[in-house]
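Here is the structure we will look at.
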Ligand code: CA2
């Protein structure tokens, strides 16, 4: 049995589905979690799904993933553009890692254009809305099986 896929979510994503539906859709994070678990199960994987509003907690989840996860899918939300601590933690995680954004960040204001973490991830999933999470699970399962 593979170790679980860690799906990590950063600040404010707990409010998904409650504001700005034109950008982020109407799906809640609880719905996304269910969809990830179902998709992963069909592919023979478990999911450890987390959300935090705290940078250090996100860093600690990445540390834990070094021993407990087969891969990381991470939507760091606002920390994407500010967190060197998260960048450093992800550098120390060797298995596959996917950066995910619900919205197409490149079609938005320039403050959302310069991800600090893109340079250290294996792949990026951007702009597919909530569906991106299931697509990322599928892609991650493929990468882990090939490893
Ligand atoms: O598109 C994404 O997934 C983002 O990572 C979301 C972040 C934003 O800073 C990134 O540029 C792109 C913001 C998350 C804000 O969460 C909300 C939750 C509910 C309603 C509105 C925003």
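Including glycine, each Cβ sits where the backbone N, Cα and C put it.
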Check TrEMBL: it lists 88, 102, 103 as binding substrate. Then name which of 75, 114 it lists for that same site.
75
Non-local Cβ contacts of residue 103 (substrate binding site) (under 8 Å, 6 or more apart, same chain)?
23, 24, 126, 127, 129
Which one of the recorded positions (19, 75, 101) has its C-beta surrounded by the most other C-beta atoms within 10 angstroms?
75
Recorded positions 19, 75, 88: which have a Cα within 10 Å of residue 101 (active site, proton donor)?
75
In angstrom units, rounded to an integer, how far apart are the Cα atoms of residue 19 (site 'Transition state stabilizer') and residue 88 (substrate binding site)?
31
